[in-house]
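Since the structure comes first, as structure tokens, the remarks are kept for the end.
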Amino acid sequence: MQRVVSVPVLGVLTAIICCFSSERTPNASYTNIIIMLMDDMGWGDLGVFGQPSKETPNLDAMAAQGILFPDFYTANPLCSPSRAALLTGRLPIRNGFYTTNGHARNAYTPQEIVGGISKDEILLPQMLKKKGYVSKIVGKWHLGHRPQYLPLENGFDEWFGAPNCHFGPYNNTVRPNIPVYNNSEMLGRYFEEFKIDKKTGESNLTQMYLEAGLDFISRQAEAKRPFFLYWAADATHYPVYASKRFLGKSQRGRYGDAVMELDYSVGQILTKLQDLGIENNTFVFFTSDNGAALMSGPNEGGSNGPFLCGKETTFEGGMREPAIAWWPGHIRGGTVSLQLANVMDLFTTSLALAGISPPGDRVLDGLDLTPVLFNHSHTLQSRPIFFYRGNELMAVRIGQYKAHFWTWSNSWEEFKQGVNFCPGQEVAGVTTHEQKEHTLQPIIFHLGRDPGEKYPLSVLSKEYQDALNWISTVVQKHKETLVPGMPQLNMCDMAVMNWAPAGCEKLGKCLKVPKSEPWKCEWPH
């Protein structure tokens with residue numbers, strides 16, 4: 001079997017690897033699950049999807065050994081709702097990860113958010129416990145940072161990472177720096193104990209996340225326990241960073257450096273599985289939480305390839321993601337599947353692989369992709385892709401047709417201040433800077449002929465009418481049966497920020513908590 005291209009492992013990991021590289025675990029009756037979720041990495045950032053510099057050899061090899069999904073989508077064009085959808089198998093409008101403070105507004109979990117993942121939701125690691133899985137999250141959580149919302153309160157057994165992205169540095173009086181946790185207690189804060197040099201882009205965080213993931217895999221393999229690793233590195237989110245050995249190495253600047261280190265890390269994780277002899281019973285899936293953040297470009301943003309716009313929008317560039325499934329001995333390598341797939345499918349598919357029935361008391365939006373993974377005839381399952389922005393269904397894709405019922409990139413106010421979600425990609429009447437409703441006469445594209453959403457079908461054509469009738473039936477049924485969840489992202493309060501997380505006493509890092517004065521969050525996007 002072709003081995004994943006990789007560089008010699010980090011020196012600090014030598015002891016771990018020596019202990020396990022010669023011990024091959026026999027085939028087990030369970031399936032380990034690894035989901036690698038990147039942050040703001042675009043469809044066009046991988047060599048296998050045509051990125052000219054070809055700086056992702058490990059991901060390209062992973063695709064050559066597995067299945068590539070060019071029609072894979074997230075559930076929302078922003079970090080928090082998409083992550084909530086992955087772990088619950090449900091659209092954000094159902095699981096509560098949206099706001100009603102403004103129409104079609106993207107909302108997430110900044111430090112001042114009061115809410116988080118609802119206790120009414122069932123997360124993937126909670127389900128996997130039924131079969132004895134040990135679960136760990138490495139990296140970014142982003143589903144609420146108050147104690148009741150953190151990973152170990154929601155099914156995970158271990159955590160190394162942070163509740164939010166690596167924003168900052170802050171002065172710790174108006175806004176505290178974001179804590180980094182080991183399980184339930186903070187180890188320090190970004191820009192303090194966990195350094196990020198914003199001037200040079202240097203940080204060892206991805207290296208730390210790699211070490212944590214490899215250590216977890218080794219421990220579970222030694223104990224012969226089934227495991228779920230949710231590896232959620234965030235180096236490609238602004239401000240992007242990479243460790244010293246990767247800085248300046250990419251043809252794509254600092255963002256490319258971060259991609260190169262993440263690619264290297266993926267290679268190390270797959271090689272570790274092979275060295276331990278557990279690759280044949282470990283399912284690995286690689287994807288991203290939303291499209292590349294074009295507003296951070298060109299120096300700190302990625303590429304969405306041929307697709308329109310990027311993060312924050314419900315155009316293809318905002319929600320179509322790179323996606324690769326890898327499982328030696330089970331998945332036929334070098335396969336490209338044209339199945340319309342979604343990040344919520346990972347919830348349902350993971351349960352199927354673990355032999356666990358999905359919860360029967362709620363609507364799930366994820367499909368079980370195992371027929372696509374294992375059926376060499378690649379029979380496609382018919383399904384819609386819903387494009388929500390906040391509380392509004394903006395667009396729907398069925399087959400090759402995509403209908404926009406609302407269009408909006410970002411506001412004129414933001415645009416005039418230099419914030420552009422579609423730089424160099426303005427399409428008249430489509431990338432609107434006002435919220436435009438098209439429900440009576442949707443804008444419809446054929447994505448096979450026009451992946452860039454530049455040429456709407458003529459409303460007078462038979463093709464348009466046939467596509468409209470097909471899509472309208474699906475939308476009507478969806479809206480008739482939809483029961484929105486209680487919105488979790490409406491209220492903010494300075495008092496709930498990360499002033500005094502658990503473990504701060506031991507470190508002498510506790511900060512004074514201000515008076516609670518809740519307000520309705522404002523969401524500009």
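Any Cβ shown, glycine's included, is placed from N, Cα and C.
What you see is a predicted model, and the numbers here were worked out from it, not measured in a lab.
Taking Cβ-Cβ distances under 8 Å and a sequence separation of 6 or more, the neighbours of Cys79 (active site, nucleophile) in its chain are Asp39, Asp40, Tyr108, Lys140, His142, Cys165, His237, Asp289, Asn290. The active site, nucleophile annotation in TrEMBL covers Cys79.
What TrEMBL records for His142 is active site.
Annotated Ca(2+) binding site per TrEMBL: Asp39, Asp40, Cys79, Asp289, Asn290, in sequence order.
The domain 'Sulfatase N-terminal' annotation in TrEMBL covers 32-356.
The N-linked glycosylation site annotation in TrEMBL covers Asn204. Neighbours of Asn204 (N-linked glycosylation site), defined as other CB atoms within 10 A of its CB across all chains, total 16.
The 3-oxoalanine (Cys) feature in TrEMBL is assigned to Cys79.
Positions annotated as signal peptide by TrEMBL: 1-21.
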Overall pLDDT for the domain 'Sulfatase N-terminal' (32-356), taken as the rounded mean: 97
Residues close to Ca(2+) site centre defined by Asp39, Asp40, Cys79, Asp289, Asn290, Cβ within 8 Å: Met38, Met41, Leu78, Ser82, Asp234, His237, Ser288, Ala293, Lys311
All-chain count of other Cβ atoms within 10 Å of Asp39 (Ca(2+) binding site): 25
Asp40 (Ca(2+) binding site), number of other Cβ atoms within 10 Å: 29
Cβ neighbours of His142 (active site) where a neighbour is any other Cβ within 10 Å: 28
